[in-house]
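> Let me give you the structure first, and then I'll get to my questions.
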Amino acid sequence: MGLARRILDPVANLLLLAAGVSIVLMMVIVVADAVARSLFNGTVPGSQELAANYFMVAVTFLPLACVQRDKSHVIIELFTGWMPPRAVASLDAVVYLACAAGTLVFCYATYFKALAMTRAGEYAVGTVIVTIWPTRWLVVAGALVLALYLLLNAAEEARAAILGRPAPGGARHGHALDVD
Amino acid sequence: MSSITVGILAIAILLLMLAVRVPIAFALASVSVVGMLVIRGPAAAMSVLAEQPYNFIAHWSMSAVPMFILMGTVAYHGGLTQSLYRAARLWLSSLPGGLAVASTAACAMFAAASGSSVATASAMGRIAIPEMLRYRYDPGLATGAVAAAGTLGSLIPPSILMVLYAIFAEVSVSQALVAGVIPGILSAIMFATMIAIRCKLNPALAPPVEEDVSWADRWAVLAQVWPLPVLVLAVIGSMYVGIFTATEAAAGGALMTFVIVALRRGLNWRVIKESVVESVNSTATILFIALGGFLLSRFMAVSGLPAYVAHVVDGMELHWLYIIIGASVVYIILGMFLDSIGIMLLTLPIMLPVLEAAHLNLIWFGVLVIKYLEIGLVTPPVGLNVFVIKSVVGKSVPLETIFKGVMWFIVTDIVTLIILISFPQISLLLPNIMK
Amino acid sequence: ADPIKIVYANYLNPKHITNPVLLRYFQDVERDSKGSLKFEYHFGSSLLSGKDIPGGVRDGIADAGYFVGAYIPTEMPVDNFLAEFSLLNDEPLVMTAVLNELELFNCPQCTDEFKKFNTRFLATYALTPYVYHCRTEMKKLSDFKGKRVRGISAYADLARALGAVPVNVSPDEGYEALDRGIIDCALHSIAAQKARSYGEAAKFVLLDPLGGFLGAALFDLRIDKWNALTVDQRKAIVTNLPQLVTDSIFNYIHEDEEVVAEYTKKGTKFYKADAEFGAFVQDFAKKYTATAVEKGAKVGVKDPEKIAAELTRLADKWRGLLEKNGRDRATFKRLLWEEIYAKVDVQNPIK
Ligand code: NA
Ligand code: NA
């Protein structure tokens with residue numbers, strides 16, 4: 001499991017970096033387009049398609065794996081608060097495994113869509129034509145790494161349930177932006 | 001098994017999944033896809049996965065969400081929020097719950113810059129909540145206040161939801177937008193009043209300022225508070241003079257925040273990295289849940305359950321008040337589970353003819369609908385704004401605390417709604433002046 | 001036995017004028033099938049958005065839907081190629097008939113494209129012309145220099161040719177963009193004065209027709225579903241299509257007239273620009289055929305000039321037919337039946 005983490009972490013970080021670059025580019029291009037339009041009677045052609053198809057997709061799907069690594073997908077803990085830690089770990093192992101299965105189905109579906117759109121050379125039509133098929137793969141990539149993290153977390157929780165030691169990152173959800 | 005039965009069963013299974021720690025986005029999406037599988041077969045279920053998530057996310061109007069989130073994180077990490085809250089604390093030292101009241105006012109102001117409630121809550125959440133927690137405010141109050149006041153984003157113009165309503169109902173967009181102003185301000189005043197009363201009765205919720213505050217202190221701190229108000233006014237101004245559309249204004253706001261932080265010499269690599277990383281993580285978390293909610297709405301359309309519920313109002317050839325009460329019940333119930341746009345799409349085709357037959361004013365009803373959709377954003381079990389706040393505060397505040405904190409605001413909103421229903425002129429005053 | 005359910009999806013707004021026409025069509029079909037068919041309908045994107053409809057019908061989320069290739073140009077290049085000819089559509093009645101005949105019988109590529117979505121094309125209409133809704137009075141060609149004008153695809157090219165700046169503004173943002181001067185002119189049907197509140201921000205509407213959208217296939221049925229129906233059920237579906245198409249297009253024309261009357265009273269000026277503008281647009285449209293053919297070839301439309309020629313031939317045919325027989329509802333409906341829908345094969349399943 002340590003090895004799996006050492007392999008997955010850099011991959012997830014790379015996706016996070018790409019998402020970070022995307023959010024900054026989105027800001028720059030959207031502002032550039034608006035300023036060009038209102039002050040110079042020009043536009044940045046294709047800015048909306050870039051923002052929607054490239055940057056929105058990157059910003060939404062690429063960080064999902066990191067969000068899972070930080071256990072930041074929002075859950076409701078109210079009804080399991082009474083359970084001892086090992087029971088919670090067992091439950092989480094099952095839940096993560098099921099989520100991984102679902103995510104892999106999602107991967108499978110989007111993979112074939114991405115393949116078809118790549119072959120067709122998918123494009124969007126705005127004031128200009130923008131090639132968008134590469135963005136289909138962002139969804140597949142984001143979902144695949146998410147699924148791998150879910151599998152890893154399922155294994156970690158299963159081990160925690162058996163050994164009685166908490167899994168890395170703990171069981172409690174939420175990322176560490178605690179204010180003090 | 002009828003499709004309506006499948007719909008009811010799906011809701012039951014959703015509740016069960018949420019109770020056993022299934023992440024909310026996964027629960028929403030999987031219930032929807034499996035439900036689609038049961039009603040329409042495997043090809044339809046795979047089709048939902050292959051086509052709809054991408055089309056939902058790769059949408060221009062969606063881009064305002066990450067941009068306002070970025071604006072909030074940059075403002076926080078760049079240090080624009082602390083001085084403002086220090087000033088608010090000193091100036092409002094005699095007001096019970098002063099910082100929560102100030103946050104509500106700030107949300108109302110930010111709402112005038114932002115077109116969506118989720119964007120308002122996520123930006124203001126990052127700006128306001130850490131400061132309130134820093135001064136030992138009750139976590140439920142601090143988070144609940146922003147989750148609830150964030151919903152003003154769709155009531156006070158600009159508002160994507162209100163424009164959509166106006167287009168669906170074929171009423172004047174400008175009149176619908178302006179109709180939200182007074183109800184929005186009224187909602188904020190109601191929230192503030194409730195906060196002040198609660199904090200007066202129970203000072204533990206919001207520890208009062210202990211030290212003596214001199215007027216010199218007050219004036220001294222005021223010199224440092226300009227960045228955030230200037231920023232919000234700049235965003236609003238740039239929209240109204242026609243530089244940015246409501247969607248673009250979010251990106252403009254984010255960039256201006258970077259600029260102001262840089263001007264105050266607060267911009268460094270750490271600030272950029274933390275703001276950006278936090279923004280994309282928050283965006284992914286929130287939009288993943290929003291996507292799940294969207295898929296649930298689509299599945300619910302297939303099941304026919306919302307239409308079945310909405311037909312409660314149909315055929316009620318009753319006093320207008322009963323129609324409104326019936327509609328209220330429908331919207332509150334659907335709001336517990338479904339996303340805002342989905343609810344409008346699923347109910348308006350049924351509601352609009354009923355309302356027109358009863359000669360009810362559609363602009364007034366628009367205000368009520370937006371208000372109901374806003375309440376839906378904070379009601380359990382699926383309350384998107386509450387999840388937004390959760391993604392902002394992380395481990396420091398449990399989800400249940402936020403839901404509990406928000407309950408007070410829901411009750412307040414119901415009182416506000418009763419006022420809005422009893423006095424339609426509150427909503428119609430400005431549209432009538434425009435005519 | 002239980003009736004067979006046909007689930008229909010479109011993205012038109014709940015109060016769109018075409019929805020009541022569809023409801024009437026559903027009732028007529030249910031009646032003519034003696035209750036053996038039953039429609040379940042989802043308007044306003046509540047089930048599927050414009051982008052999702054073709055895939056959704058193919059995969060069985062719905063059985064029938066309103067297909068617009070322009071939303072998924074990569075997957076429906078032929079349909080989108082037809083839309084490139086929108087600029088040439090200055091007679092919606094003629095082009096409505098032309099498109100239906102073309103797609104049903106005279107364009108194998110069109111049929112194949114729908115077949116890829118496992119769908120049988122059944123009915124479309126040509127929208128009434130788009131016009132410019134402007135904040136200021138635009139009279140001369142030179143008035144457009146440097147103006148910000150809403151338009152994508154062919155209309156972006158038109159804007160550039162006019163010396164204007166094409167701006168991509170979503171229809172939902174159109175009103176506010178006009179109101180704040182983010183754009184000087186919006187491109188939309190006349191009805192948008194009312195339906196999208198443009199009339200409150202753009203008081204000048206150039207009536208020079210800029211062509212009406214071609215490629216709004218309002219009723220198409222999944223082939224499996226079609227094949228599963230009896231001959232009588234298919235007959236019920238097809239014999240009512242002329243009514244559906246006629247009511248839809250006449251509604252559009254009527255709505256435009258009503259909005260002009262209503263908004264003239266509210267202070268909107270509906271007018272024609274100087275002759276040079278009209279001449280410029282006509283010239284642009286004529287030359288655009290070559291551009292469109294070139295674009296079509298690039299995205300894999302085979303023999304695009306053949307389809308273009310067929311469009312012209314059919315347009316001549318229908319202009320003649322309407323000239324000879326008249327342009328009233330009853331005649332138009334009868335001609336649609338005689339020339340087009342009577343020839344649809346309802347006896348055999350589609351292979
Ligand atoms: Na707003
Ligand atoms: Na809710």
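Here the Cβ of each residue, glycine as well, is placed from N, Cα and C on the backbone.
Dumping what TrEMBL says about this protein:
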- A:26-159: domain 'Tripartite ATP-independent periplasmic transporters DctQ component' (DOMAIN)
- A:12-31: transmembrane segment (TRANSMEM)
- A:51-67: transmembrane segment (TRANSMEM)
- A:88-111: transmembrane segment (TRANSMEM)
- A:123-152: transmembrane segment (TRANSMEM)
> What parts of the chain pack near the transmembrane segment (A:123-152), using Cβ distances under 8 Å and only residues at least 6 beyond its ends?
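Distal contacts: 1, 4-5, 8, 11-12, 15, 43, 45-46, 48-50, 53-54, 57-58, 60-65, 68-69, 96-97, 99-100, 103-104, 106-107, 110-111, 113-114, 117.
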> Does the transmembrane segment (A:51-67) reach the transmembrane segment (A:88-111) with at least 3 CB pairs under 8 A, where each pair is 6 or more residues apart?
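Taking Cβ pairs at least 6 residues apart, the transmembrane segment (A:88-111) and the transmembrane segment (A:51-67) are not in contact, as fewer than 3 fall under 8 Å.
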> Summarise the domain 'Tripartite ATP-independent periplasmic transporters DctQ component' (A:26-159) as counts of helix, strand and coil residues per DSSP.
102 helix, 6 strand, 26 coil
> Quick one: mean pLDDT on the domain 'Tripartite ATP-independent periplasmic transporters DctQ component' (A:26-159)?
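Across the domain 'Tripartite ATP-independent periplasmic transporters DctQ component' (A:26-159), the average pLDDT comes out at 94.
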